[in-house]
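Per TrEMBL, the features are as follows:
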BINDING   8-15, 32-34, 51-54, E62, D78  GTP binding site
ACT_SITE  H50  active site, GMP-histidine intermediate
Amino acid sequence: MSRVLVLGGSRSGKSAHAEALVAGAGEVTYLATSAPAAGDVEWAQRVAAHRARRPAGWATLETTAPDDLRRPGTLLVDSVTTWVAALMDQAGVWTDEPGAPDRLARRCDDLLDAWTATPAHVVAVSDEVGLGVVPETRSGRLFRDTLGSVNQRLAGSADEVWFVVAGLPLRLR
């Protein structure tokens, strides 16, 4: 069907815009890609705010499995940012495990393959992390670089790309 990428900074309104893009679709499956953070009250409040905004009829699937993008229907992915972080965790890049860069590359390729092969109408939300200062830490730079690369690849095969700033969506493609 179609692939739509919605980019923006933190708290830019990108999730609300993505939700508006699928609002008339009827049945929507919300792919929640963030693992619950035990004891993190602020994160739990953010998750609760997202849930409160969504229609009660939407199905929610908590996942970081790229193959879940291959399901039919209308999918809302929120977010690619936390999905990439999970892929980096799974690959062992934070602790310099042997083979970690290759495992991460394969996991990112799997995500991009699922994105291009999906039969669904999918709207994916991701943070644009390349507009700020260069991260001070190696891990911060690795995350910024990995997410930036994934975003570029997603945008390259997206039918629509949006950039949201201060709640204002700008269509790039």
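Placement of Cβ uses the backbone N, Cα and C atoms for every residue, glycine included.
All annotation found in TrEMBL is predicted automatically rather than curated by experts.
Structural mapping of features recorded in TrEMBL.
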residue: G8; record: GTP binding site; Cβ neighbours (10 Å): 25
residue: R11; record: GTP binding site; Cβ neighbours (10 Å): 10
residue: K14; record: GTP binding site; Cβ neighbours (10 Å): 27
residue: T33; record: GTP binding site; Cβ neighbours (10 Å): 23
residue: A52; record: GTP binding site; Cβ neighbours (10 Å): 7
residue: E62; record: GTP binding site; Cβ neighbours (10 Å): 12
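Annotation note: G8 (GTP binding site) sits in a strand segment as assigned by DSSP.
Secondary structure from DSSP puts K14 (GTP binding site) in a helix. According to DSSP, T33 (GTP binding site) is assigned to coil rather than to any helix or strand.
Secondary structure from DSSP puts A52 (GTP binding site) in a helix.
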